[in-house]
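Visitor: Input: one structure, supplied below.
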Amino acid sequence: MTLSAALGYPRIGPKREVKKATEAYWAGKLSADELQKVAKEQRLLRWQTLQQQGVDVIPSGDFTLYDHVLDFNNTFNIIPKRFADAQLSDLDRYFAMGRGHQKDGVDLEAQEMQNHYIKSEVSSSTQFKLNNLKPVDEFVEAKEAGIVTRPVLVGPITALLLGKVGRDEPNPASFDPLSLLDKLVPVYGELLQKLQQAGATEVQIDEPSLVMDSTANLGAQYQATFDALAKAAPGLKITLATYFGRLDKNVEFVAKLPIDTLHIDLDRAADQLDQVVEAVKPTSLKLSLGLVSGRNIWKNDLAASLATAKKVIDVLGQDRVVVATSSSLLHTPVTLANESRLKPEQKDWFSFATEKAAEVATLAKALSGADVSAALDANKQSIQARRDFEKNSDAAVRERLSKVTPDMYDRKSPFAQRIAAQDAVYKLPPFPTTTIGSFPQTKEIRLARSKHTKGELSTEEYEKFLENEIKHAVEFQEEIDIDLLVHGEAERNDMSQYFGEQLQGFVFTENAWVQSYGSRYVRPPIVVSDVSRPTPMTVRWSSYAQSLTKRPMKGMLTGPVTILNWSFPRADISKEVQCKQLALALRDEVVDLEKAGIFAIQVDEPAIREGLPLRQVDWNSYLTWAVDSFKLATAGVEDRTQVHSHFCYSDFGTIFEHIQRLDADIISIEAAKSDLKLLQVFQAKGYANDIGPGLFDIHSPRVPSVEEMKARAEAFLSALPDKKHIWIGPDCGLKTREWPGVKETLRRMVTVAKQLRAERAA
């Protein structure tokens, strides 16, 4: 018999119940007990849903109120001293680590976020212990509900590799987080023992670091670690889960580890199958085949997946093969059942988390000899219908892309010539101030948008409302003396969705939410066909905002790479082609903004680095077309037009030459929680263009003092002594924050800029 398994499941609730409860708790409208009650209800619903879909191996312990990496850190007492010493409840301390805390005399800056997870802070003084038994408690909770689960844990090596050197480390330059492995493993083994004592018979240990570039002694570290874990809990069968990439040579030592099952991702790395099968063939290992994608929203081609599974069964035997999702399903929306507005023929192409669970179960049943012919026939028809649709390409889009010439990727003049022209036009002061683009999306804005969508507010009334919001944003910026203004983006629901809704080639959902980080959820657009721009998308609002002020107004666009990385892409053509189609559409928008008198245009690429392949050998190919796409979108304007861009999670040392090749006039980068090494790279490598390191963290509601921001700005100046222009602004957009905190923080930010000007002038 072949078993089916899900590596994880969305933790947000079918209708965002977890987000609503968490934010209500933060606002003081829900007690801790009431929040935990909602969490318990949602955990049970997740287990029951997977059980109802026929999944054999159901995960537990993967639920979180904020971030499962933060959960790991909290469980194993990886709690920086500033949080451990704070007079907070355990729950409030947990949230403070993720989002900061500024209340009742406690002022804590959040930990750094990287690619949607909270980075642990470790040092030689880190003392591991079991701070809680969350994985055990949730296993028991499921057991008491009559559901047998497989607990899911972040692996010890991956957990340490995800971290950063803590502030209290006396030798940060030489400290290696993996040096703590010998201290962590015994405590990790203690947790496995407690799971075994609670009745668990198997455990899933996630080690996606195995698909990344490895060090010379990684194999020895894994062998020693898993030898110790197997000895600590000999009654637990370990599934070692890898995903998002290929094992490559690491499979040679992984196949020798004392584990029961190895899981591999055949969605992102189908080409590794033969090598892995050959490596595990002489062993007793089971192989878990990640056949159903945990990352996309397309129906699985069940016939193709069955053929792959049968090929492996022919070599290993049926009892050594498990069919599974490629990764956790947390990256996909919860269920198609909540979608009523999709066209039936389009809805038939898609499969969300609940439906993917059913696909995995169907595959296992088919491989075990059950009659699932009706499901297979229906799937075959759906796959064929989508292929028939995909053949109907937009000839005009394809032709335009084929006629792109090399000169279309470059600005007319080099940066030195452009910046001179821009300085002559703008005459901005030293340390010019700006923001990244968005201002708070208030409940009034969300309500007005909802009413307009439902037809309860006319387009004329809605646009008048938006004009008032923009007017308020412009007046506020003038009041506090911001130099380069933004219109605030009141009209935008999401920085990718807003553009996708105005481009040909996308479809949209009502409730297909996925978690970005914490309580920030997004509804990614879905690319279904060739992309083009029927009409201008932002000119109307940027032009209106510019009409309200004599100060320069910055047009705001999301870049092609970020739109694509924050959408569900097509599966039938390459991401490079999709990205360049987006770039051409945005190029038209950039040129139209310039024609409308908007001479500063920001094309945001916060996701350019998070789209990097996991192995460096694959980076150059991705970065080449990603940077080319940005340049194609931005190179059509005159020298006097200032092109800005913004980047998140910015560790640029290893990709510096590509950042330089972007040739944006000004880049703003997320820097408020990063050390100065990030900026020192720009100095050391002689970065010519202008830069704006983020002065404060927008992911936290705390309001930093003038002194704190001034000290950080001074540190930026010390790291970038050769820069003529250093821009002063926040880390990121301000849409998730509240106006009172935003206003006070920006006032303080402008004060810092003015102090710097006065001091440098003296």
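Yeah, the Cβs are placed from backbone N, Cα and C, and that goes for glycine too.
If you look up TrEMBL, you'll see His699 marked as active site, proton donor. Here TrEMBL flags Lys19, Trp566 as 5-methyltetrahydropteroyltri-L-glutamate binding site. Here TrEMBL flags Ile436, Gly437, Ser438, Glu489, Asp604 as L-methionine binding site. What TrEMBL records for Ile436, Gly437, Ser438, Asp604 is L-homocysteine binding site. Residues annotated as Zn(2+) binding site in TrEMBL: His646, Cys648, Glu670, Cys732. If you look up TrEMBL, you'll see 5-313 marked as domain 'Cobalamin-independent methionine synthase MetE N-terminal'. Among the features that TrEMBL reports, domain 'Cobalamin-independent methionine synthase MetE C-terminal/archaeal' is placed at 431-754.
Describe the structural context of these features.
Guide: Neighbour count (other Cβ atoms within 10 Å of the Cβ, all protein chains): 23 for His699 (active site, proton donor).
For Trp566 (5-methyltetrahydropteroyltri-L-glutamate binding site), the same-chain residues 6+ apart in sequence whose C-beta sits under 8 angstroms from its C-beta are Met495, Ser496, Val522, Pro524, Ala607.
Cβ neighbour count for Asp604 (L-methionine binding site) (all protein chains, 10 Å cutoff from its Cβ): 25.
Under DSSP, Ile436 (L-methionine binding site) is assigned to coil, being neither helix nor strand in the three-state scheme.
Around Cys732 (Zn(2+) binding site), the same-chain residues at least 6 positions away in sequence with a Cβ under 8 Å from its Cβ are Ile436, Pro606, His646, Cys648, Glu670, Gly694, Ile698, His699.
Per-residue confidence over the domain 'Cobalamin-independent methionine synthase MetE N-terminal' (5-313) averages out at a pLDDT of 95.
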Visitor: Using Cα coordinates, what distance in whole Å links Asp604 (L-methionine binding site) and Lys19 (5-methyltetrahydropteroyltri-L-glutamate binding site)?
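Guide: That comes out at 26 Å between the alpha carbons.
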Visitor: Which residues of the same chain, at least 6 positions away in sequence, have a Cβ lying under 8 Å from the Cβ of Glu489 (L-methionine binding site)?
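Guide: Listed in sequence order: Gly437, Ser438, Phe439, Met495, Met556, Gly733, Lys735.
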Visitor: Return the count of C-beta atoms lying within 10 angstroms of the C-beta of Ile436 (L-methionine binding site), excluding that atom itself.
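Guide: Looking across every protein chain shown, the total is 25.
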Visitor: Around Gly437 (L-methionine binding site), how many other C-beta atoms are within 10 angstroms of its C-beta?
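Guide: There are 27 of them.
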Visitor: Around Lys19 (5-methyltetrahydropteroyltri-L-glutamate binding site), which residues of its chain at least 6 apart sit with Cβ under 8 Å of its Cβ?
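Guide: Non-local contacts for Lys19 (5-methyltetrahydropteroyltri-L-glutamate binding site): Ile12, Gly13, Ser519, Tyr521.
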